[in-house]
Structure formats: C-alpha cells, structure tokens
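A.B. asks: Per TrEMBL, the features are:
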- GLN286, TYR313, GLU336, ASP384: S-adenosyl-L-methionine binding site (BINDING)
- CYS458: active site, nucleophile (ACT_SITE)
Amino acid sequence: MPPCLLSTRAPSLLISCSASPGAAVAVAVAVAVRSPPQPPSPSISLDSTTTLPSLSCSLQCSHFQSCSGCTHEFNLHRPVIVDEATDFFKNHGVSDFTFDTCRLYGWRCRAKLAVRGTSMSPLIGLYQEGTHNVADIPDCKAHHPGINAAIELLRQGIKELNVEPYDEDQGTGDLRYVQMAVTTHNTSLRAAERYRNGKVQITLVWNCRNEKSSNSDKLDALVKFLWRNGGSWSKNHHIHSVWANFQTSTTNVIFGNRWRHLLGESDFWEHVGGIDISLAPSSFGQANTRAFDVLLRKLQKYVPHGASVTDLYAGAGVIGLSLAASRNCRSVKCIEINKESKLSFEKTVSRLPKSVVSSISWHNADTSIEPLSWLVGSDVLVVDPPRKGLDKSLVDALQTISSVERKAKFSSESSSIKEKEEKRPWILRAREASVQIGSKTDSEDSRSFPRTLIYISCGWESFKEDCKSLLSSKAWRLEKAHGFNFFPGTQSIEVLAVFKRGQAVGLKKKKSGKKKKKSLL
C-alpha cells in the first residue's frame, strides 16, 4: 500500500452531540465556538424515511486542520453522501435504503502510521494532504484509546533509545512505519468491558533486510522497552504482541515480505459475524470492528440456509466462514490473491463450531482470470473488492452469465469443463495452494451459476459504475441496499447491495397482461 493511502481511512476524532431547534444556525456558530467535549452519543440507526430532530454531531479536534484523515466536522452520524446514495438507489428501484451508524469516536481498531522527524522529536501520524509531510496525531479520537496509548509509549522508546525515524530523501533511519491493531477478544471479561480493555498488536516496519542487520540491536532494545512498559511484564498491560516487518525498498510500499513475531501472543483473535477469526499482521482487517460485525449480521439474512457460496476477494475468508457457520451452507469457496491470508484462514477454520459440516475451501488465485470458473455450482456470490471496485473481467462475466448458463445447459461443453481446466496452469497452481475442509461437493450442478450477488463496497464511486454496468446488461436487478458508517468524519460509507438474476416477476406479469375489452354497454 502506498503511503498516500495512509490517510484514506483515518477519520473522526472527538465529537459531541446536541439537539436544538435551529440546527443549521447552531452548526454555523459551532465553527467559531468549540464547546468542551460531551459524553459519547448512543448508536443511531437511520433509514431513508427517518426524520431526525435537529441533531448535530460536531467534531472537535486539534489535529483537524493538519491531519488529512477527517474531511468534515459536522453531522458525523450522517455524512452528506448518504443523501446521494439514497437518491441513487431510489432511481434504481430501491426506495427503502437504510443507513446504520455506530460508535462515532474511538472506533478505529487498526491503523497504519508513518514515522518521521528525529529521534528527539518523532512524528507519528498521517501524511498531510498532497504531501509526504507527516502530521503528528497523538490525540486522535478516531483511534481506539489503546492505539493512542501504544503510540505514546512508542514515542518514549524512540527518544530514550535514540531510534532514528526514516528519512525518505536519504533512505536512512531505522523505523519507517508502525501498524497498530486492537483485539477486543478477551473472554475473561464481560462483553461490555472487552472493547474498552482491548490490547494492541504492534508491528514495527524496520529499515533493514532482516533481524541480523546492523541496526537490529536497536530493534531488539525498542521491542524490549515496549514489552517492559506495556506487555505482560508490566503493571499496565495493554500490548498484545510485537512484530517486525523488514523493508528496504525505496518505493511507497509499506510492508516488505519478511515478517517476524518477537514478543507476546503469536495468534491474534477477534470475534465478528458470530465466529472467532484469526488475523495475521500481514492480512487485511477491517478498521471498524463493531460496524463490520453489524454488516456481517445483516448480510447473513440474504443467504438461504444450505446455500452454496463463492466468496471473491475473500482475504482470510471471514465473510465466507461466517456464512458457513450462521447459514449452515452446503459449501463455501473463498478466493484470494494474497497468499499470506492462507494461515489465518486455516486458524479461523480450526475454531469453527463443531456443528459446521460445510465443504469449505480457500484458493490462492487471481479473481480477474476467468472468474466464471469459480462460480460454477454456486447459489450465492459474495464480492468484497478493494476501493477500485470489481475487475473488468468479472463485470463482463457477470453481464453475460445468463447466456453462458444457457449454453452450458444445452450443449456438451459443460461436460468437458473439468478436463479443460486441468490443462490450465493457473488453475493447477490455485489448486496446489488451496485448503480443503470437509467432503468435496461433487453433486453440485456444474452447469448452474449464482442467482444472488451480494456486493460489499468501500468505494462509492466505483460501486456506482459497477452497479450501472450490471443493471444495464439486464442480467441482474437490484433488490436491497444498506449503508454503514464505517468511517465517521469522512465522506466514505460502506455499502451492502443485493442483486438477483433476471427481471422482477411483477414487471414480467405487467408486460404479458392482456388488455381488457371495452364494454359494449
């Protein structure tokens, strides 16, 4: 990930919520007058028909002018983009679009931050908009409190041990970036206390090839400092573990290929979507854990019990595995290009309830290459692409999926699909890197394709384009859409959209209905 992306998901900070008859006036006045922080607001669930009182949730943050994370200061519970989304879905046949907002501050459980400046005055934060100048954000209220505490401890360690922050121009220094990830999975505490007492996994991106390089002694000293003051050796135990990633590239890529677990627990667990999930520091994880859990539980309602599911852009398979457990799926196939996610998938499967009897598989493969081959025999397709949206080859395949299915059913081609696949090197490589749990589902119809498409989007602009392309082909219709406030303080929303194959039944009846004869009386 290029450093410029560090600022794309860093939003909201301290907020206060108040109701007043003249919200518009109150907002204008609040620009000039910043009141003291108020207690946190309760979670609010909104839909397109909800009429709120004059509620204004305002952001109060000393970092707002310098940090590129936040984009607006008011109405954090309902970004302006929600109105656009409501109109968009209404114009495409969905009049009951809903929007859910959860915690408005302290929500971020995962952050990647640049480390710059000097050993005596380190800067730990995000790049300022359009630059590679780092804005120091020690009091980011979007961060889980544990992240801010870990950052402060890291700052102390850098100063005391004379650790040199990275210098991009010279390519020198020791510490380039830090990744913080909070786990709230502590079963020894009551559910209400687990979030508040979350522990932080710290990954230090070190500017050397491996742990035997010349400056590795400083790394060792810094790790011991962190653990002595925040790990299980300390009275204030808020650090889960410490990892190192070794990176010497001069590009904007944050992580190198070499990872090392140094101290603390090696396994990082979280509980979302009704299952325990394992996430390695190299795996993608949602920043807003609570909002992601809400989305998963909403998604589960649209998957029939016993369905066969294909999960594309699957990562460590969290979505697919949560469906296997909650919907008793016949089979689940997870397809992911990042091979680092394989181990996390295997560990997550090991903690699935014993009642799960699905045939589950994970494949290290590129979704953009002949995507239809992964959809054969599935009832439901789930896609959770990166911000850029679906690969063009997948969009093209979904646009023609009905005609491909018809050809497969009325020709002999389908009987030889498996033989052809065996000759394709990329399929052989994907199978070699796959993980199979449970019995294989040979009984699945090799001529059928999904009739339900569930699209999870973090990129609103790319989703609109993909949605229009799918609907223009007449192969799909849009049935439901929900929005989620994953990143309070920004104009980014997460979207869950449900598509079905073919035209709506009601429309067909209307077209085929006979005209009534005029009465002769």
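Glycine residues also receive a Cβ, built from the backbone N, Cα and C atoms like all the rest.
Caution: TrEMBL annotation is automatic and unverified by curators.
Just tell me what is around each of these and how deep it sits.
C.D. replies: In sequence order, ASP311, LEU312, TYR313, ALA314, GLY315, ILE319, ILE456 constitute the residues six or more apart from ASP384 (S-adenosyl-L-methionine binding site) in its chain with CB-CB distances below 8 Å.
All protein chains considered, the CB of CYS458 (active site, nucleophile) has 21 other CB atoms within 10 Å.
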A.B. asks: Determine the Cβ neighbour count for GLN286 (S-adenosyl-L-methionine binding site): the number of other Cβ atoms within 10 Å of its Cβ.
C.D. replies: 23
A.B. asks: Give me the count of other Cβ atoms within 10 A of the Cβ belonging to GLU336 (S-adenosyl-L-methionine binding site).
C.D. replies: 26
